[in-house]
Amino acid sequence: MEQGLPVEEPLLLAELKPGRPHQFDWKSSCETWSVAFSPDGSWFAWSQGHCIVKLIPWPLEEQFIPKGFEAKSRSSKSDSKGRGSPKEKTLDCGQIVWGLAFSPWPSPPSRKLWARHHPQVPDVSCLILATGLNDGQIKIWEVQTGLLLLNLSGHQDVVRDLSFTPSGSLILVSASRDKTLRIWDLNKHGKQIQVLSGHLQWVYCCSISPDCSMLCSAAGEKSVFLWSMRSYTLIRKLEGHQSSVVSCDFSPDSALLVTASYDTNVIMWDPYTGERLRSLHHTQLDPPMDDSDVHISSLRSVCFSPEGLYLATVADDRLLRIWALELKTPIAFAPMTNGLCCTFFPHGGVIATGTRDGHVQFWTAPRVLSSLKHLCRKALRSFLTTYQVLALPIPKKMKEFLTYRTF
């Protein structure tokens, strides 16, 4: 085991609640369907419901931060001395917000987007936020100023999820209830460069592998689609779930893919071969936390930790679970009500979760010093496919470790 020491239960560090609700009649107007940290850890975005996104400088107020965390986070305090400290911003999107995604940081080419349209914007490398809306629109904002930069049109229904390529090329993928995924190039003023069709149900989730070679999409179907990010063609369908798949995420080295389904299972895949490596089954705690009739099968979200040794899952049984990669049962639980989404802070130590009532909660997450073995595996797998590893003239046990087949 990498962690060495027993893992403590996640502790609630802070909880943010929306202000007084606006008077909207829309069914999903108050829910936090998406939360996101910027890749450098300096901003947190929260779709708090009521068409509003809050952009919050990170870290939060010091009393909410666990000991030792602030020093390890790359806050923007030192970077912002010359231009004033970053301030919380409110983005009024005009429609219910379903998906959020930050661009990689920094992104100097993005100056092309607004240099001629917004000459007042300071000449700095800009971090941008994409928001997917209820009416099928995607709005692109500059984080530092809160300016609206672009409005992308094309989807015919709710934009449920968004994902930027980690390389910094400003290619954006959107997933929609219109059963398509669309590829946008923000360096070309938001030009739509591809439409990916094939899903028969609403597309809930899209995730791009860290090496930018693959795209995974999950719809209200039992199978998961794996696409090439080079040719924008379907590589394969991953079959194994017994009900709708609603969430997916790649490991930091691109060697693993996890998918979460209403069938109570998270499946860990080798995306290169399509092999099913492990299933993590969500069983109810014994005894139940209360007497209510909770439908446990509704998994909502799954995500990898930044070092690639843990998973977090949120389900409708009112639990946040932490899993170690090597084990088939959770190593820690935290009670949470009406959870919808979860994500790790990019430098570890914190998990953010969004809820159906518009709240966002911050929890302590396991901190681990990765073993040299895992660091070597992570480095190698960041550029070697499974097939390339299997072709290496090395012992079988080493190949099994490098391809995550030693569970």
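Just so it is clear, glycine is given a Cβ too, placed from its N, Cα and C backbone atoms.
Because TrEMBL annotations are produced automatically, they should be read as predictions rather than curated entries.
Note that this is a predicted model, so its numbers are computed, not measured.
The annotation domain 'SOCS box' is assigned in TrEMBL to 371-407. The region 'Disordered' annotation in TrEMBL covers 71-90. Here TrEMBL flags 129-151, 152-187, 196-237, 238-279, 292-326 as repeat 'WD'.
For the repeat 'WD' (196-237), the neighbouring stretch richest in Cβ pairs under 8 Å, chosen from 129-151, 152-187, 292-326, is 152-187.
The list of residues near the repeat 'WD' (238-279) in space but at least 6 beyond its ends in sequence, with Cβ under 8 angstroms from a Cβ of it, reads 201, 204-211, 213-214, 216-226, 296-304, 306-308, 311, 313, 323, 328, 377-379, 381-382, 385-387, 403-405, 407. Listed as Cβ neighbours of the domain 'SOCS box' (371-407) (distance under 8 Å, sequence separation of 6 or more from its ends, same chain) are residues 2, 210-211, 252-256, 268, 270, 272-273, 277-278, 307-309, 325-326. Secondary structure of the repeat 'WD' (196-237), assigned with DSSP and counted as helix (H, G, I), strand (E, B) and coil, comes to 0 helix, 22 strand, 20 coil.
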